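Below is one structure, written out as structure tokens, with a few remarks after it.
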Amino acid sequence: MKGALGSPVAAAGAAMQETFGCVVANRFHQLLDDESDPFDILREAEHRRQQQLQRKRRDEAAAASGAGHRGGRSPAVASGHRPGAGGRRESQKERKSLAASGAQQPDSPGGPQPPGQKRTPRRGEQQGWNDNRGTDVVLERAERRSYREYRPYETERQADLPVEKFTDEKPVDRFDRDRPLRGRGGPRGGLRSRGRGGPGNRAFDSFDQRGKRDFERYSSNDKTNRMEDSMGGCGIRPWGSGKDTSDTEPPAPMEETSMMEECQGTLDEESAAKVPELEVEEENQVQEMTLDEWKNLQEQTRPKPEFNIRKPESTVPSKAVVIHKSRYRDDMVKEDYEDESHVFRKAANDITSQLEINFGNLPRPGRGARGSTRGGRGRMRRTENYGPRAEVVTQDVAPNPDDPEDFPALA
């Protein structure tokens, strides 16, 4: 056990347990060398806070006394010493804080400025040179343009026009007046509740609207022409018919019946003139048919092919002589005889009949005969006798169709 504990592996394991163990109290060994009393630290902090309060009161009293000397500075401030500092020189940080507090006060254009500082010109002011005094003169514009104000060339010339013209629109500031505004719509931040850009586009005459068209609106009811449009589509609705209107139309008063009777005579004359026009329109309509009907129509209109077929001669020439009469009575038997009548003549030295040709009895080598010498699966090859075999001739006689014994069912 001692050897196991004294080994470097065990020492490293113990060190890892101590280093990476979950210790709740002071895990990282902080403030172990701090032997100071926390109560002493609290007392020093309280004493320091009281000193700061006393110093602040002294500074306020010195500032009040300095203000009574007609805005003049106290000798302590002029010499660079802070009052109540106990003879300590003013640090650079305190000087920066005093300069920042002085810059935050609102200074008038004609107010006194520190001798070593220059006020930077504000936005909208022009800085010029005065020949009489030789100092910088700040000229402030009497009328400054608003941030988002849009003034094209025409509006600058007509500056005396009343401002009520642009009451509905929000002014737009354009830095590059030669180039048209990008994008679609009116000025940025317009009345967004009315679509892209709102109605502010119409007030600017020089505004490039990038092809946007302003349509004129007519005060009319969209339901006034509804019946005429729907009748063009055959009915009060697109899926209705012309007869559906009679069901939905209100009954006409009795006073109009006399007028209808008078107009009926003229309508009859017009209808008689329109009848031939309707017939012409029906003829002009495209005739619809199925695929089978179209195919039949094409076959009827298609020209039939005509072939020049030469007929065989059935007459027997007069000079023909019969050499011998046929032994067969039927033409079918004659055709079979003609097929069998082709006999090939053999030469005298033909030896094909003496050769033995066996297609189905070829010698087959044993399995694995090539690997038998290497210890494979093969067997030793048997010696086969390839000598001449006895000739077995089997002659099949074809049945005779004229013999009822060969075909008893046909008898």
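Using N, Cα and C of the backbone, Cβ positions are placed for all residues, glycine too.
Per Swiss-Prot, the feature phosphoserine maps to SER7 (among others); the stated evidence is a large-scale study or a structure entry.
As annotated by Swiss-Prot, phosphoserine applies to SER36 (among others), with the evidence given as a large-scale study or a structure entry. Of all the Cβ atoms in the protein chains shown, 8 others lie within 10 Å of the Cβ of SER36 (phosphoserine). The secondary structure of SER36 (phosphoserine), as reduced to three states from DSSP, is coil rather than helix or strand.
As annotated by Swiss-Prot, region 'Disordered' applies to 42-271 (among others).
According to Swiss-Prot, the feature coiled coil maps to 42-62 (among others), an assignment based on sequence analysis.
Among the features that Swiss-Prot reports, omega-N-methylarginine is placed at ARG70.
Residues or ranges marked as phosphoserine in Swiss-Prot (evidence: similarity to another entry): SER74 (among others).
According to Swiss-Prot, the feature compositional bias 'Basic and acidic residues' maps to 87-97 (among others).
Annotated phosphoserine per Swiss-Prot: SER108 (among others), in sequence order.
For 138-181 (among others), the entry in Swiss-Prot reads compositional bias 'Basic and acidic residues'.
The annotation compositional bias 'Basic and acidic residues' is assigned in Swiss-Prot to 205-229 (among others).
The SUMO2 cross-link annotation in Swiss-Prot covers LYS212 (among others).
The SUMO1 cross-link annotation in Swiss-Prot covers LYS212 (among others) and is backed by similarity to another entry.
According to Swiss-Prot, the SUMO2 cross-link annotation covers LYS274 (among others), on the basis of similarity to another entry.
Annotated SUMO1 cross-link per Swiss-Prot: LYS274 (among others), in sequence order.
Residues or ranges marked as coiled coil in Swiss-Prot (evidence: sequence analysis): 279-301 (among others).
The DSSP breakdown of the region 'Disordered' (296-318), given as helix, strand and coil counts, is 6 helix, 0 strand, 17 coil. As annotated by Swiss-Prot, region 'Disordered' applies to 296-318 (among others).
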Name the secondary structure element type, per DSSP in three states, that contains THR352 (phosphothreonine).
helix
What residues elsewhere in the chain lie close to the region 'Disordered' (296-318), defined as a C-beta under 8 angstroms and at least 6 residues from its ends?
289
Tally the residues of the compositional bias 'Acidic residues' (402-411) by DSSP class, grouping H, G and I as helix, E and B as strand, and everything else as coil.
3 helix, 0 strand, 7 coil
State the count of C-beta atoms found within 10 angstroms of the C-beta of THR352 (phosphothreonine), not counting that atom itself.
8
